[in-house]
Amino acid sequence: MRRHAGWLEMVYHSITGMLGAGVLGLPAVFSHLGWAGGIIMLVFSLWVSWYTYLLLVWMHEVPDLDNKAGNGIRRLDRYDQLATYVLGPRKGRAVLLPFQLIVLLGVAITYTVVGGDSLRAFATFINPNLSMGRWSFYIIFGAVQLMLSLLPSFNELSMVSLLGAVMSVAYCIIAIVMSARVHPAKGTVNYAPEAVERTPVERAMGIFNAVTTVLFAYGGHNVALEIQATLPINAQHKSTVPRMEKGVHITFVVTALAYFLVAIVGFYAFGTGVADNVLLTFSHGPTSWVVAMADMFVVVHVAAAYQVYINPVFIMCEASLSRRTRFGTVNPIVQTLLRMSLVVGVTVVGLLIPFFGSLMGLFGAIAITPTTFLLPPLLWLLYKQPTKWGKEWLVNWFLVIITGIMGTLGTIGALYGIIKASSTYRIFAA
């Protein structure tokens, strides 16, 4: 592990991990929660995500029981190392690994959908008479990822993270500015959640899905410890925690500004008529080239981020295969076929369920919620063992219970949305 990064590098690594394409789905959340519910959910999720991220930061440096490092401090460089340190090797891997795999593959599937849709929007701007179906752009996006997946794994992600941070901030700014340019006449935009759901069941399912869609947007915790691991400890810096805390605060201020502005300004402009991806709501006009540019920014961002998320899956699968071979290595042909199979599988799933809003809700519920909102306070309780019924004990148990409930309800809502949308979806339709 190379430990030479500064806190500024840590900031853009964290922004890339946190500020993703999920922000584009936040205005649609207000369609189901309304003004009050949407703002309350954004504030609550911001506070919980900020706090749980700091919990991980505070658990990066732990007592070295075997004193292998020589200074009595052991650095936990990955989430799985923290889980095994607190829960033990077998239980730690069993608890965390399934969620990590779902996060990595779930984000790759979601990025295939948003990347394909954004690529289609850009191509339609270039040629308004384009007759290619939506499915074509998913296959094009998947083909690009197929080629990228055959390249060697990333050794240095600094430039990838910097590119991702720049792209994500850029399309957020465009979404905010373009939404602010829309001046809806009084009475022409509907802000009532009842406008998008016709029955009480649809209303409840929409709320459940919207809640975990917000949680999906705040999910950047899976790479928190890897980012902190790049900070050095030396004579000048006795601990990584102060620098990491500084970077985390800056990251969340930037993220909060982007999320609140995109969500509020986007919903104000379009009301319940806003699309799951706010950029797809803008109509053609003199400034449509700006929106097209934002669509391409999204494509570039998710194309790079896709590889960041899928590469750990490649590494895990290849490591598992290598343990089963005589020489402890994977044949290059087998490695290529494995990577191609994973990318093709992700693309096929994206083709089958290309519903951006429901996908964010589903993976937000079954993967992001456990790893981002539930496990950090649970691990903290088991590691620190605070006084029972004390403030720290109550706050963390409250988060474990409430986020567990939210994740369960969100799963139900997202599955309902996917089943409902699938009933009218045709893969090869235009």
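Cβ from N, Cα, C; glycine included.
What TrEMBL lists as domain 'Amino acid transporter transmembrane' is 5-419.
When Cβ-Cβ distances below 8 Å are used as the criterion, the transmembrane segment (12-30) is approached by residues 5, 37-38, 41-42, 107, 110-111, 114, 157-158, 160-162, 164-165, 168-169, 171-172, 175, 179, 191, 210, 213-214, 216-220, 222-224, 227, 230, 247-248, 251-252, 254-255, 258-259, 262-264, 266-267, 270, 274-279, 298, 301-302, 305, 308, 356-357, 360 of the same chain, each at least six residues removed from its ends. According to TrEMBL, the feature transmembrane segment maps to 12-30 (among others).
According to TrEMBL, the feature transmembrane segment maps to 37-59 (among others). Tertiary proximity for the transmembrane segment (37-59) is limited to same-chain residues at least six positions away from its ends with a CB under 8 Å from its CB atoms, namely 26, 29-30, 76, 79, 82, 86, 193, 207, 210-211, 214-215, 217-221, 224-225, 228, 241, 244-245, 248, 252, 255-256, 259-260, 263-264, 267, 372-373, 376-377, 379-380, 383, 399, 403.
Beyond the ends of the transmembrane segment (95-114), by six or more residues, the same chain brings 20-22, 24, 79-80, 83, 87, 138, 141-142, 145, 216, 219, 222, 277, 298, 302, 305-306, 309-310, 312-313, 316, 346-347, 349-350, 353-356, 359-360, 362-363, 366-368, 370-371, 375 to within a C-beta distance below 8 angstroms of the stretch. According to TrEMBL, the transmembrane segment annotation covers 95-114 (among others).
Residues or ranges marked as transmembrane segment by TrEMBL: 135-154 (among others).
Marked as transmembrane segment by TrEMBL: 160-180 (among others). Sequence-distant contacts of the transmembrane segment (160-180) (same chain, six or more residues past either end, CB-CB distance under 8 Å): 12-13, 15-16, 19-21, 23-24, 27, 154, 254, 258, 261-262, 265-266, 268-270, 278-279, 282, 287, 290-291, 293-295, 297-298, 300-301, 304-305, 307-308.
Under the heading transmembrane segment, TrEMBL lists 248-270 (among others).
As annotated by TrEMBL, transmembrane segment applies to 290-315 (among others).
For the transmembrane segment (336-356), same-chain residues at least 6 beyond its ends with a Cβ under 8 Å from one of its own Cβ atoms are 25, 105, 108-110, 112-114, 116-117, 134-135, 138-139, 141-142, 145-146, 149-150, 276-277, 310, 313-314, 317-318, 321, 330, 417-418, 421-422, 425, 427. Taken from TrEMBL, the feature transmembrane segment applies to 336-356 (among others).
Sequence-distant contacts of the transmembrane segment (362-383) (same chain, at least 6 residues past either end, Cβ-Cβ under 8 Å): 48-49, 52-53, 55-56, 58-59, 62, 79, 82-83, 85-87, 95-96, 99-100, 102-103, 106-107, 109-110, 212-222, 393, 395-397, 399-400, 403-404, 406-411, 413-415, 418. Look at TrEMBL and you will find 362-383 (among others) tagged as transmembrane segment.
If you look up TrEMBL, you'll see 395-419 (among others) marked as transmembrane segment. Sequence-distant contacts of the transmembrane segment (395-419) (same chain, at least 6 residues past either end, Cβ-Cβ under 8 Å): 48, 51-52, 204-213, 215, 353, 355, 357-359, 361-362, 364-366, 369-370, 373-374, 377-378, 380-381, 386.
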